[in-house]
Amino acid sequence: MESPTRPAAPSNDYSSITRATKLFALCAAVNSLNLGYDIGVNTGIAPLLEESMDLSETQVEIFIGSINLFAMVGSLASGYISDAYGRRGTFKVAAVGFVVGVLTMATAQSFAVLMLGRVLVGIGVGFGLAIDPLYISELSPPEHRGRLVTWSEFSINVGILLGFSSSLAFYGLEPDAAWRLMVGLGALLPIVMIVLVVCVMPESPRWLVSKGRNEEAVSVLQRLYGPDYNVTELTEAIHESLQKEQEAERTMGWGILLYPTPAYKRILLVGVGVAASQQIVGIDSIQYFLSYILEQSGVTDRKMQGLVLIMFGLLKVVMVFVAANLLDSKGRRPVFFLSLIVIFLSLIMLAINFVVGGENHSSSFTIFCLALYLAAFGVGMGPGAWLIPSEVFPLSIRAKAMSLATFVNRFVATIMASTVLSLTKVISWAGYFVGLATVAVIILVLMYLYLPETSGKSLEEMTVYFAQITGDASVLEVEEAHVAAKTIELSEEGGRRGGGEEEDDDSASGGVLS
């Protein structure tokens, strides 16, 4: 009997994605709401904490910036949990960490207990940052992966908007009651996430295949691609990809990460470097301390600050929609370049405004420049920083490499967010903005030199691409050996059948769910 004919690849529009794929990607993106809400709510509660708990400016700086330090622990642990217990298990761990941590902070009566809750929330953040784009990328076809992975960034921005809105919602309450309610509401979102994981979301088909649970993988793939799609061929292609990458890992072991060959070194340079770049341009240090920047600009009224923050939140949400289309239609590289150029211009204009205006610089122009910066970040550096790693890391190191990328991202964020107030006291806000603008130019040059175009390419194709441009014979030999093995296997199978039927070998390499 002939193998069923595989349908043509879907066109590059949302209508060709099955409802199941959209639903599961949306569920995964809900997890990113937790991180976004934490960013938004802490932007508003910082001055309230100072007043109600009599905290010093240094303690506030530690509280705000430390979440990234604790997220590094979660990001490293997520690799083991993700590989051992699956992507769904990792979502559960992240959600539980959020719930316990948020409730601990909301009921804290001392700085020590407040920081204990911060530890738990930070670990949940680290798990979430690593697993969200990984899960979505493993369920998404290559031609739609860019748009679907950006849903995670969209959710972060929706969460930020919700956090900003909480400042205005509880504006009339006493500071102590206001910040506790604002923080406590953050426990609702991870509870919703637990329900979605248990009742709605399937396990990643790639993880299922890696554990030998092929029947379950076929069932999930059938839901993702529809009843008429030949998902058996997809399962075989995933299995073949696993074999190739596992053979390379057996040959090099942990050396793939610790002592990478030229191809893997370039992969790590790109994936981890892009993740680090997201924070080096200053997004956390600016977002967490927007209230301080606004106050320095003359916007001292809490209600007005809340309205401005909500405007920023709405802008970021809108720009993610723009990014979702640009990243796939225009390609990754052009969007990154545009994002960094506008980030540079907005930071320079901010610095000039603070220098030229002195103590009387324009608050409206400051708001405009901040809005421009946040919009530029939301178009490229925001979603792209997680899209690129999910597209370049091969399956054999993907979970570990995503953990490493998240670790580095959070480490840089810790340094940036924990030193803002200290640095601005020394070099002023204008000097700080000039420093960030300089970094943006350096990142632009590095990305121009090293960042490949990943749009429309499967995860497996990217591994071979890096091997070819670096001349990494070890990886290429593994690729060639498996192609030869597949050819022999098909030839022997054809011989056993007496040459009566021919297999469609093209299906072994095309249409892989990536």
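Glycine is treated like the rest: Cβ placed from N, Cα and C.
Listed in TrEMBL:
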DOMAIN    24-455  domain 'Major facilitator superfamily (MFS) profile'
REGION    490-514  region 'Disordered'
TRANSMEM  62-81  transmembrane segment
TRANSMEM  93-113  transmembrane segment
TRANSMEM  119-136  transmembrane segment
TRANSMEM  148-171  transmembrane segment
TRANSMEM  177-201  transmembrane segment
TRANSMEM  306-327  transmembrane segment
TRANSMEM  334-356  transmembrane segment
TRANSMEM  362-389  transmembrane segment
TRANSMEM  401-423  transmembrane segment
TRANSMEM  429-451  transmembrane segment
Overall pLDDT for the domain 'Major facilitator superfamily (MFS) profile' (24-455), taken as the rounded mean: 86
Would you call the transmembrane segment (93-113) and the transmembrane segment (429-451) in contact, using three or more Cβ pairs under 8 Å, pairs 6 or more apart in sequence? no
Before we move on, state whether the transmembrane segment (334-356) and the transmembrane segment (177-201) share at least 3 Cβ pairs under 8 Å, counting only pairs 6 or more apart in sequence. no
